[in-house]
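Colleague: Okay, handing you the structure first.
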Amino acid sequence: MLEEINYDTKLFGLIGKNIKYTLSPYIHNFSFRTLGINAVYLVFDLDEMKFKRSISGILEIAEGLNVTIPYKDEVMKYLDNTDTHSTRIQAVNTIYKKSGYNTDYLAIKNLVRKKIKNVSGYECYIYGAGGAAKAAAFALSELGCSSISIVNRTKSRAYELAELLNKNGYNASIKENCNITNNILIVNSTPNSSVVPEDCVKKSDLVIEFVYRPVETELIKNAKKYGIQYINGLEILVNQAVEAEKIWFNKSVADEKIIEYLYARELVW
């Protein structure tokens, strides 16, 4: 955070509900200091009523925002425009001057490319059907996954996501759980990493975890146990934040430097 706030200080922040746990202020205020940017990043923890009453005002005064659960879908109707990716995904997690973007989508594409050069022919199982699941599903489909299988407790949400993907020309369906075959990618976008069976993990080629506290979730522990490649939630959180800063400032701090700072501050474990 800035030592001094003045007339020229720009306002950035995170909008969500029940987000006391978030690391976003630490990440972005560290980046602002490192980059020498006169800005401050705050948290707007809003219930549904407060969101409806305040969102228009926040959008007027903030230079840029991040959006998390449960408002990634709803915030779109308050924006002037959205980019191609967030329009197709129907979820926004980054805003710059009333324009919407999806950096979860960008982060998944960036990080998966580092692990597997070609995912063509892979079957992807996504646990969850919210905004993060949508971003992951579109990112993996565009990278070449042959099919997306949605596993979600609320079947209506799963059907909505599958229908959205199919309308965009991808191959999506609903499953009760994973079928153990070759060439599997697994994504957990739910708060509970134990939803993914261990048998599925040990047969997969890559595991993607959105939960970042603790960094080593049960899913990540199982991936390590069987020598499976993985992307942890902290990597996703930091990379999507870096992509947001590229949108806001056309520059950013390196992922590794941010992660090093978070561990040094003992904010992650």
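Every residue, even glycine, has its Cβ placed from backbone N, Cα and C.
Here the structure is a predicted model, which means the values were calculated and not measured.
According to Swiss-Prot, the protein carries these features:
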- Lys72: active site, proton acceptor (ACT_SITE)
- Thr22, Leu23, Ser24, Thr68, Asn93, Asp104, Tyr212: shikimate binding site (BINDING)
- Gly128, Ala129, Gly130, Gly131, Ala132, Asn152, Arg153, Thr154, Lys155, Ser156, Arg157, Phe210, Gly233: NADP(+) binding site (BINDING)
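Burial and contacts for the listed features, if you can.
Modeller: Cβ neighbours of Lys72 (active site, proton acceptor) (same chain, under 8 Å, six or more residues apart in sequence): Ala91, Val92, Asn93, Gly130, Gly131.
There are 18 other CB atoms within 10 A of the CB of Thr68 (shikimate binding site), with all protein chains counted.
Of all Cβ atoms in the protein chains displayed, 24 besides its own lie within 10 Å of the Cβ of Gly233 (NADP(+) binding site).
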Colleague: Using a 10 Å radius around its CB, how many other CB atoms surround Arg157 (NADP(+) binding site)?
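Modeller: Other Cβ atoms found within 10 Å: 15.
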Colleague: Might you list, by sequence position, any residue in that chain lying six or more from Ser24 (shikimate binding site) with a Cβ less than 8 Å away from its Cβ?
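Modeller: Ser24 (shikimate binding site) has long-range Cβ partners Leu14, Tyr41, Val43, Asn66, Leu237, Ala241.
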Colleague: List, in sequence order, the residues of the same chain other than Thr22, Leu23, Ser24, Thr68, Asn93, Asp104, Tyr212 whose Cβ lies within 8 Å of the centroid of the Cβ atoms of the recorded shikimate site.
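Modeller: Those within range, site residues removed, are Leu14, Asn66, Leu237, Gln240, Ala241.
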